[in-house]
Amino acid sequence: VFLIEYTGPLFIYFLFYFRMTFVYGLDERFTSSPHPVVNLACICHSFHYIKRLIETVFVHRFSRGTMPLRNIVKNCVYYWGFAAWLAYYINHPLYTPPSYGKKQINFAVIMFLLCEAGNFSIHVALSDLRRNGSKTCKIPYPTKNPFTWLFFFVSCPNYTYEVGTWISFTIMTQCVPVGLFTLLCFIQMTIWAKDKHCTYLREFKDYPSHRMPIIPFLL
């Protein structure tokens with residue numbers, strides 16, 4: 001399920017990035033974008049989903065061996081649909097670059113890379129808790145990796161970094177559909193984080209009381 005839902009956005013995005021004539025119905029003069037940020041956005045979007053595929057195969061340890069068949073339809077509609085929606089506007093011939101130019105783009109790229117590194121670090125740390133094949137729930141703690149220090153403040157820093165990734169992508173592209181997608185991601189991940197946080201509190205009496213589900217000191 002995860003391999004299929006993450007592979008789709010990769011190929012769907014390229015249909016719009018290369019401005020296929022059946023998508024925009026344009027002549028050859030408009031088959032490439034004059035804005036470098038469009039190329040950068042494609043690289044970042046592709047990197048994000050390639051990373052997800054790699055994590056699915058080599059990092060994640062799943063507590064359940066199966067999931068309902070309907071999930072593949074629901075998840076693919078969500079990921080594939082949003083990938084097409086975002087790509088359509090970012091790669092559109094009338095797309096305009098961010099208001100503050102290179103400064104805004106460079107800031108967003110740095111933020112994007114840091115959040116991606118943080119997200120990967122948290123996934124590795126969570127995977128290490130089940131290194132011996134154990135499916136028992138354990139309290140995750142920070143490691144020597146600075147990116148995992150967010151565990152001091154929140155229960156699900158992987159979601160915190162994930163939201164940060166899409167916030168940075170929104171800043172990079174300055175595109176309304178990306179912002180709406182980021183908002184939906186934040187809402188959904190907040191729900192997941194709260195559920196996980198409640199599970200930790202329920203199962204561990206010594207669980208750190210100062211941790212919040214997803215945003216330090218707030219939420």
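Cβ from N, Cα, C; glycine included.
Since the structure is predicted, the reported quantities are computational estimates derived from the model, not experimental observations.
Residues 32-33, 38, 42, 45-46, 49-50, 52-53, 56, 76, 79-80, 82-84, 86-88, 90-93 of the same chain, all 6+ positions outside the transmembrane segment (6-26), place their C-beta atoms under 8 angstroms from a C-beta of that stretch. Per TrEMBL, the feature transmembrane segment maps to 6-26 (among others).
For the domain '3-oxo-5-alpha-steroid 4-dehydrogenase C-terminal' (66-219), the predicted model reports an average pLDDT of 94. Feature annotation from TrEMBL assigns domain '3-oxo-5-alpha-steroid 4-dehydrogenase C-terminal' to 66-219.
Annotated transmembrane segment per TrEMBL: 72-90 (among others), in sequence order.
Per TrEMBL, the feature transmembrane segment maps to 105-126 (among others). Listed by sequence, the residues of this chain that lie at least six past the ends of the transmembrane segment (105-126) yet keep a Cβ under 8 A from its Cβ atoms are 37, 40, 44, 47-48, 51, 55, 59-60, 97-98, 140, 143, 145, 147-148, 150-151, 157-158, 160-162, 164-165, 167-169, 171-172.
The transmembrane segment annotation in TrEMBL covers 146-161 (among others).
Residues annotated as transmembrane segment in TrEMBL: 167-187 (among others).
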Intrachain residues whose Cβ lies under 8 Å of the transmembrane segment (146-161), provided they are six or more past its termini: 115-119, 121-123, 125-126, 140, 189-190, 192-193, 196-197, 200, 210-217
